[in-house]
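**Q** Dumping the structure here so I can ask a few things about it.
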Amino acid sequence: MIPPNINVLIRSICINLVTSLPLNFAYIFIHFAVNALREIKRSLIDPMRNLSNWAKGDPCNSNWTGIICFGRSHNDGHFHVRELQLMRLNLSGELAPEVGQLLYLEILDVMWNNLTGRIPLEIGRISSLKLLLLNGNKFTGSLPPELGNLQNLNRLQVDENNITGSVPFSFGNLRSIKHLHLNNNTISGEIPVELSKLPKLVHMILDNNNLTGTLPLELAQLPSLTILQLDNNNFEGSTIPEAYGHFSRLVKLSLRNCGLQGSIPDLSRIENLSYLDLSWNHLTGTIPESKLSDNMTTIELSYNHLTGSIPQSFSDLNSLQLLSLENNSLSGSVPTEIWQDKSFENNKLQVYDLNNNFSDATGNLRTPDNVTLYLRGNPICKSTSIPMVTQFFEYICGEKKQTSTNSNTPCSNVSCPFENVKVSPGICLCTAPLSIDYRLKSPSFFFFTPYIERQFREYITSSLQLETHQLAIDRLVDENRLRPRMYLKLVPKGRITFNKSEVIRIRDRFMSWSFNKTDFFGPYELLDFPLQGPYADLLAQTSGIRTIVWMMIVAGSVVAATVLSVTATLLYVRKRRENSHTLTKKRVFRTISREIKGVKKFSFVELSDATNGFDSSTLIGRGSYGKVYKGILSNKTEVAIKRGEETSLQSEKEFLNEIDLLSRLHHRNLVSLIGYSSDIGEQMLVYEYMPNGNVRDWLSANAADTLSFSMRSHVALGSAKGILYLHTEANPPVIHRDIKTSNILLDCQLHAKVADFGLSRLAPAFGEGDGEPAHVSTVVRGTPGYLDPEYFMTQQLTVRSDVYSFGVVLLELLTGMHPFFEGTHIIREVRTANECGTVLSVADSRMGQCSPDKVKKLAELALWCCEDRPETRPPMSKVVKELEGICQSVREPEMFSETTKLLCSKTSPSSSSVPSPLSLLPGSNLDSGFFHAVKPR
């Protein structure tokens, strides 16, 4: 029994700890930021009461809608608003100037509301701002020149507003800007030459304004520009500068309906050009004969005054999908060899719009299903003597017609609590669909042929992992011959509603532009993904500091209180047990009678001799089990000896079972058990020695050498194979429960091996459905930062908990960051970058050269592993398959040869450390491709 005085002490400690929590959190937030948010709310009209929870508490700890915070404990100990996410909340009113007081804000997103008034110039004070997303509102006035002060701004979207005035010269100071979207406003004046000084600018999208003057030839100096889109402006009388043929990285050049005159310059030197739209201008002369880029997919030159014939070089453009020359003054014959050339792939979609041009046609006009040909207005369409014209008259000589959609033949008005959706002719479903509004790649495919529609359905559903009957094309709208606007509806399979994880997965696919790669239908622009009806509250659950973070804070406090309680109790009982306990650790276990096959039993003396009496100079680590020593056996074999501490000692039976299990686990990517010792009350495990330490040390900023992307990919694959073995081939299956970079060790050849697994993590029997072990209820164990949130909250452990932890490991390999980084979590950092299309910015610059596509694939795989819901994470078998694909074209480093032979042959007992192979060999040519080196955030 605990004496009363100790009881009082325990209660006092716990009460003080718990009652201090609200006080602490009340003062960790800067009050002027709270006042700024309340002023923002006061200036907004919120008919749906989405911001009703902004009335009490503080933004970070009370889950204010749209507020995401991060800590700055390393700096000032406060929480700060990092993101203000108010997209599509049906808000009106004005954006208050107090928004400029949120000095730590990185993302300001008020897209697709009905906000009016001027854009606050005070936003220019937020030096940390990276994303400024104001598009889809009714802002008026001019663009504040103060926005040019935002040196860290990555993306500026002010499109779809009522902005007037000119583009400020100060925008030339946005040294970090990559995306400048000012389209669909009433901006006037000339394009400032200063915009040619933006070194990172990728997209300059200024279409649908009232811009005038000439096209600045200096824009061709932009080193990173991939899209220049200036359609529907008033550059009346201006010509296309010859310098535009020297863009270094341009992919899309779109100058539709700009009043341009003169001839088309030579664009053949733009190596990556794939999309060219110069239609609806006053261009004259002939089409240049020089061959355009092999990447060319779209050539739109319709409605000009071009003469001459179609260049023969067009027949060599094997990637061409659209050639539109409608309404010019071209002469000669219809060059049927363009679509009849055998170099074209049979499944490539191709559209040739040659209306109102030619005087004659030669060759066979029969076209395969994947080719659409328009010849209306040509003399050939008046002929009655040429076969095949009659057979395909609707497509060749008729008017272009829009494909019928589901909305043309609506479902009957049957009673349905949600919506009757027509999924195929004659079939309507009562369901709660997901509605998507987005624009397709401009401007080719507003007129769907049946073949193109089939391909489109396959493209969408395969990218979303749905079946084709789950997609309904609701409407297709022509926006002034601009980009076709598509309204889609997705219906659940076999149910009325999608479950939460499916909704989040599908929405993330659209919002992160992560569809299967295609140049035909993409890239696209997401306009709306409304979550209505049964899905209305899904996003509200993710506002503020994530619930899991708050729960971990509270749980940590409770654990701390428990520890204090136990400590106080132990202080009391320790004295009473001190004398009787002196022999506990050194009591002699009775001899283990059963021999364990495959491992050696060592005496205490042997292991003591191997470590010079467990001298501190041989200590190489410490874990939950105890200290780890490097030892050298009598036969010169180097080993790692894990010496259990008193609190880790098990019963004889438990220890024997542990050894029996570990002795049966054999895989090249698991650290091998060599033997054990149970002499004089000690319990020790003897493992193979890993001379290159753990992965965490290699990723450390203080590491003398580092791992290339090739090495990291193979480390990831190797460790994944080890974990897969534990999950599916070990008998019984084993759930690791503490996967982290410090538990992935590297041998002398830098091959990855998973360590620190054992009996305490045995998985239950396999489930009936998915071939994986079912869950087991257990006390939560693991390392903060790697801990599966579902496991933390429910205490139900599954193999998908290991998948989550491994996803964090992948993110560490990719970025070099620790899981908790400057008050935020690595998952959040990479997910944000991935959604913004800037995942390369968080990649570890020390990896050297590597393929951007491989980096993106690794990031997407890691984020998939880190999904909140276990059922949405991939099994380890899928993870291994994906990593094999990434590693397939990434050659295993050549340094695994002569240098590692030297390292692996080292057996000198006097050597306490082994030189890194990276210090002996250069690692600059291990991978193909590259990305610009950016230091990890």
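Every residue, even glycine, has its Cβ placed from backbone N, Cα and C.
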**Q** Where does Swiss-Prot put N-linked glycosylation site, among Asn370, Asn635?
**A** Asn370
**Q** Which sequence-distant residues neighbour the repeat 'LRR 6' (223-249)? Criterion: at least 6 residues beyond either end, Cβ under 8 Å.
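**A** Non-local partners: 178, 183, 191, 199-217, 255-270, 272-273, 277-278, 482.
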**Q** Should any of the glycosylation sites Asn50, Asn63, Asn114, Asn499 have a Cα within 10 Å of the Cα of Asn184 (N-linked glycosylation site), which are they?
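**A** Those close enough: none at all.
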**Q** Just the number: how many Å between the Cα atoms of Asn50 (N-linked glycosylation site) and Asn63 (N-linked glycosylation site)?
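**A** Cα-Cα, rounded: 12 Å.
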**Q** Among the glycosylation sites listed here (Asn114, Asn162, Asn327), which has the Cα closest to the Cα of Arg622 (ATP binding site)?
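**A** Among Asn114, Asn162, Asn327, Asn114.
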**Q** In the same chain, who gets a Cβ under 8 Å from the repeat 'LRR 4' (174-198) while lying at least 6 residues past its ends?
**A** 130, 135, 143, 147-148, 150-168, 204-216, 218-219, 221-222, 224, 229-230, 838
**Q** As a test: from 152-173, 200-222, 251-270, 271-294, 296-316, pick the stretch that has the greatest number of Cβ pairs under 8 Å with the repeat 'LRR 1' (102-126).
**A** 152-173
**Q** Taking the Cβ of Asn184 (N-linked glycosylation site) as centre, how many other Cβ atoms lie within 10 Å?
**A** 21
**Q** May I ask which of the stretches 152-173, 200-222, 251-270 has the most CB pairs under 8 A with the repeat 'LRR 9' (296-316)?
**A** 251-270
**Q** Within 10 Å of the Cβ of Ile620 (ATP binding site), how many other Cβ atoms can you find? Include all protein chains, please.
**A** 17
**Q** Rounded to a whole number, how many Å is the Cα of Asn327 (N-linked glycosylation site) away from the Cα of Ile620 (ATP binding site)?
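**A** Distance (Cα to Cα, whole Å): 78 Å.
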